[in-house]
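Below is one structure, written out as C-alpha cells, with a few remarks after it.
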C-alpha cells in the first residue's frame, strides 16, 4: 500500500484482515520491520483510541513515533492555495506537510470536517493537501468523511466473532446524540462492509439521515428501526449529523436509542460502537454492560488494524 | 505488587526502598525487564517531576511509554455510574479505562481532588473507577488523597541521608500558600512514615488543619511550630487546605513560613519539600538556597522510586 | 561542546557543518552514541521544525527523548531571583531547571522574548537561568535573541548548494509581516554567516530596522533592497520587529515583499526562509513555488544540524 485513506487503497480487504489477526497472535514477530523508521502522528483534533493504539502498533513494529498536536503545540495551517496569509494562519500546508515529510517515513493525520461546507468536506481538502505535499505515505487517523482504521477494525472484529458458515446480517443503526457529529464513521463502515463483501448489510436511520450513496452502495436502507434489527447478528450503533441538511441535527427522537427492548428481535446480536459513546443517550447502560456488547474487544482490535496497515506500507506492498 | 495506590499495596516498605537505592547505583541493570511492555501515563492534571521521572524510570527498564493528557488531547470523562450523558462528558470511564487497559501493560494515572465534595474525594472515586475497569495494574501518579510515588521518594531520601544509629526526628510542618491545595502529599507522607516505622514523627499545623487520622495514625500532633521543630533532624514542609473545613484556607498567618530563624532549634535539620514550592511564601530563599535544603536530591530520587515500583509490578511480586 | 546557545559555543563552524553533512549521508552511523542517554525537550513556546527535527536527530543517535510543553502540561515558572511567589508562577526556575537536570543528560529549551523589555530579552535571562541551574548541557531550541540550530542549518544549506570556487553573495532581506516577530533568526543568521566567514554578506531593511551590531558585525547594511539584491547568490528572507523601537512594527510597506520581479537582478538566487512563512505577505507564491526556492531542503537539513550538535555534546568535544 502507498497510502491508507479509504478502502480503495487496499488491494484485498480479507488479506489485510488476516494480516491483522496474525499480529494479534504474535504482536512482536516483525519487531525489526520498522527499524530506523519514524511515524509522525499529526493531530488537528482530539483522539483517544486512534492516538494510543497506533502508537502501540508502530512500536510493536520497532518504529519510532513522534506525536504532534499541531493545533496546540504548533499553529494553525492555511489550507487554501493562493491565500494572502495576513490572518490567523501562520503556515501553509504546502510547507508544513512537505517539511514533515522530510522528517518522517510515514505520516498519519487526523483532521475532522468543519460540517459547514459539504463540498469542501467531501472533497477531503485537508487530508488531500497533506497527501499532495507530504511526499511520503499518508495514513488517515480519521478524515472529514472516512475513518478507515476504525472500519478495518470493525471488519476484523466481525470476522473474528462470526464462526458460522452463513453470511452474518450486519445492521448499522443511527442513534441520537446531543451534538452534530461527522458522517466519517458510518460512511467508512458502509464502504468497508461493502468492500469486504461477506455480510448482508442493512442501514437504518430516520428520514433525512441518508448517507452519501457513493459509500452506502447497495446496502439496504430501512427507515423502520425495529424491522431493520430483526434477525440481526451484529448491530453497529452510531450517531451522525445529516448529510442532506448538511451538518444539522434534524431528529432528536430518543426512541432511536438502543436498548435491550429494541434488540429483542435480533439473533442475540453483538453490539458494536466505535467509541466514545454517550451512555443512555446513544446506547443504554443495560446494553453496554450486557453480555452481547463487544465494544471493548472491538477497540482492542484497533492495535492490530493499525499494525497491519503500517506493516503493509513499510513492506511497500502494492499488490 | 498488583497496584500502587497507597502504602497498603506495598508488602515491605524497607525492601522497596532498598530496591530503589539499588537502581540508583545501577540504573540500567534491568534494561530487558520491560521489553515489549508499554506504560500508559494518563494525566487529568498538570505534572512536572512525576511526569518526567516516571518516563525516565520506565525507559531505564526498557519499557515503551505513551503519555496522554486526556483532558487536553482527548475529552472529558464521565465518572458517575448510570449517568445520562447529555452534558459535557464525552466518554464514560468504563469504556476509557477498559480500552486503555487493552493497549497498556501498566496504567499510571494522575487525578486531583475537586476539593468540594470531601466524601467523594476521600472515596478516591476517580482512581478507583480506573482501577475497577482498567484490567491491568494501576500506578497512582497522585490521586485525590495520596501521592505514594512522592512519599516513597521521601522515605528513600531520609533513609539515604540519615546515617546514625538512633531514630531520626521527622517533623512535617504546615506552611502558608495562596491557593487551596490538596491534602494528598501530607496524608501520604504521614501514611508512609508510619508504614516505614523507623522515625519519630511529629506533625505541626495551625488549629483547624488536622489531617484525616486514618493517615496520621499515632503521629504526635503539636500546634506550636517552634516546639515541634525542636531537635528535628528532618523538616518536611508542605501547605494543605483544611480537611475539617474541607478545601478551605482557614489560616493565612505568614509566620508559619519556614525561615532560618524558625529552624534554629533544630538539629541542623535537612529541609524537604515535594515541589513545586512557592519561594518566600512557603519557604524563604535563605532556607532553600542554604546548605540544609535537600529538595533537589529528593526530587532526583523520584526516578528510583518509580523504577522500583514499576519493576515490582513487572515482576508480579505480590509477596 | 558544553552547550549550544550561540555560535560562540562552537569551536569550528566548518567542522560542525562537515559533521552534519556526514550524518546526512549516514544517519544511523552513531546509533549507540546516545545509548542510555535522555534528551529533555522543554517548550515554553510553540514549535514545529525544531520540535520534530530534534526528536528525529536524537533518536538517530539512539537517545531517549522526553518532550515537555511546560506551559501547557506543567505550570508557569518564576524567573526573577528573590521573588515573593504569591502570584501566577508556581515554581521557580531554580528548582525546575535543577530538577530536570537530574532527569536528563541534555536539556533543550525553547523560550521566546517578551518583546517588551529589551534589556531583559537581550540579557537572555530565561535561557541563562536554565543554564545556570540545570547542571547539564543546554541546547537552545531558539531563545530570546538567537536561534542557533536554524542558523547552523542555514550555513549547511548554503555550503551544500554552493559548488563554485568564488565566495557566494548572501543577502538577508527584511520583509513585511502582520505581527511583531523576534529578532532571533536574523540576529543568529548574521552571527553565523559572520562566524562561518565564507560569504560576502549584505543585510537590507527599511530604516529603523537595524539589528544589534554585536550580531551583524561587518556585514554591509544597504537600505535599498533592489541594490542589495543585485548579483545575490542566496537571498535569506525574514521579517523582524524593530530593535531600535523595541518590538514595534515601524514599516508596513508591502513593496518589501519578495517577488520574482524583485529577484530579477540576482544571480538566479536561491531563496531561503526559516519557516513558517506567510505566503503573499513575506514572500509571493510565485517565488516559493518557483525553481529557486530551497526552503524545504533547508528545513530538511534541520535534522542533521541537530544531530551534529547533540553528537558533539555527547562526545564532550570541547576542542
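Every residue gets a Cβ built from N, Cα and C, even glycine.
In TrEMBL, annotation is done automatically, which means it is predicted and not curated.
Pulled from TrEMBL, these are the features on record:
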type    : residues                                                                             : note
DOMAIN  : A:2-160                                                                              : domain 'Aspartate/ornithine carbamoyltransferase carbamoyl-P binding'
BINDING : A:47, A:48, A:49, A:50, A:75, A:110, A:147, A:148, A:149, A:150, A:274, A:275, A:302 : carbamoyl phosphate binding site
BINDING : A:142, A:177, A:238, A:278                                                           : N(2)-succinyl-L-ornithine binding site
DOMAIN  : A:199-311                                                                            : domain 'Aspartate/ornithine carbamoyltransferase Asp/Orn-binding'
Helix, strand or coil by DSSP: which one applies to residue A:238 (N(2)-succinyl-L-ornithine binding site)?
strand
Among A:177, A:238, A:278, which are recorded as binding-site residues, the nearest neighbour of residue A:147 (carbamoyl phosphate binding site) by Cα:
A:238
Which residues of the same chain, at least 6 positions away in sequence, have a Cβ lying under 8 Å from the Cβ of residue A:278 (N(2)-succinyl-L-ornithine binding site)?
A:177, A:178
Going by DSSP assignments with H, G and I as helix and E and B as strand, what are the residue counts for the domain 'Aspartate/ornithine carbamoyltransferase Asp/Orn-binding' (A:199-311)?
32 helix, 20 strand, 61 coil
List those binding-site residues among A:75, A:142, A:147, A:149, A:177, A:238 whose Cβ lies under 8 Å from any Cβ of chain B, in sequence order, or write 'none' if there are none.
none
Cβ neighbour count within 10 Å of residue A:149 (carbamoyl phosphate binding site):
26
When a 10 Å sphere is centred on the Cβ of residue A:177 (N(2)-succinyl-L-ornithine binding site), how many other Cβ atoms does it contain?
21
Protein Cβ atoms within 10 Å of residue A:142 (N(2)-succinyl-L-ornithine binding site), excluding its own:
25
Least buried of the binding-site residues A:49, A:238, A:302, going by other Cβ atoms within 10 Å?
A:238
Average pLDDT across the domain 'Aspartate/ornithine carbamoyltransferase Asp/Orn-binding' (A:199-311)?
98
Secondary-structure category, per DSSP, in which residue A:177 (N(2)-succinyl-L-ornithine binding site) falls:
coil
Quick one: of A:75, A:149, A:274, which binding-site residues lie within 10 angstroms of residue A:238 (N(2)-succinyl-L-ornithine binding site), measuring between C-alpha atoms? Sequence order, please.
A:274
